[in-house]
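Here's the structure, in structure tokens; my notes come after.
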Amino acid sequence: MKIAVGSDHAGVELKKFVLSWLEKHCYDFEDMGPYSAESVDYPDYGHKVAEAVARGDFDQGILMCGTGIGISIAANKVKGVRAANVCNPEYAALARQHNDANVLAFGARFNDDSSAAKILESWFASEFEGGRHQRRVDKIEFCC
Ligand code: RB5
């Protein structure tokens with residue numbers, strides 16, 4: 001499983017924890033930036049990670065900004081990406097089980113290392129359930 005990880009400046013500290021968590025759990029990952037706390041624009045990193053997932057270079061992505069909102073909205077503009085802005089472990093599980101979300105987003109202003117670890121554990125422990133959820137996920141791509 002290859003994971004692309006990105007954030008904006010508000011998420012850059014929590015990203016360090018996420019990278020260490022992925023390393024500890026033996027995931028293959030790449031830090032797609034930013035690499036300092038200098039102010040950046042979250043769409044740049046949301047798009048970068050989402051496009052890498054959509055191309056198939058990575059299986060999943062993880063994104064953080066202050067709230068997770070802006071960066072998940074940006075990621076969801078990329079065809080084939082289903083980014084879920086998650087606020088607790090239950091949301092993380094359901095995003096995988098029901099929505100086959102392929103990008104996990106969360107807010108650095110509302111999570112510390114401990115709550116982020118719980119979200120990550122839940123996300124990676126959960127599998128897409130398919131069945132009726134597959135039909136609904138398929139419909140996401142088709143709108144006028
Ligand atoms: C940056 O100040 C902030 O707007 C951003 O991190 C994020 O919360 C946007 O959704």
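Glycine is no exception: its Cβ is also placed from the backbone N, Cα and C atoms.
TrEMBL: automatically predicted annotations, no manual curation.
Neighbours of Cys65 (active site, proton acceptor), defined as other CB atoms within 10 A of its CB across all chains, total 31. Look at TrEMBL and you will find Cys65 tagged as active site, proton acceptor.
Positions annotated as active site, proton donor by TrEMBL: His98. Counting every protein chain shown, 16 other Cβ atoms lie within 10 Å of the Cβ of His98 (active site, proton donor).
Around Arg109 (D-ribulose 5-phosphate binding site), taking its Cβ as the centre, 12 other Cβ atoms fall within 10 Å, counting all chains. Annotated D-ribulose 5-phosphate binding site per TrEMBL: Asp8, His9, Gly66, Thr67, Gly68, Ile69, Gly70, Asn99, Arg109, Arg132, Arg136, in sequence order.
According to its DSSP assignment, Arg136 (D-ribulose 5-phosphate binding site) is helical.
Under DSSP, Arg109 (D-ribulose 5-phosphate binding site) is assigned to coil, being neither helix nor strand in the three-state scheme. With respect to ligand 1, the recorded positions Cys65, Gly66, Gly68, His98, Arg109, Arg136 contribute Cys65, Gly66 as residues with a C-beta closer than 6 angstroms to one of its atoms, given in sequence order.
Between the alpha carbons (Cα) of Asp8 (D-ribulose 5-phosphate binding site) and His98 (active site, proton donor) lies a span of roughly 28 Å.
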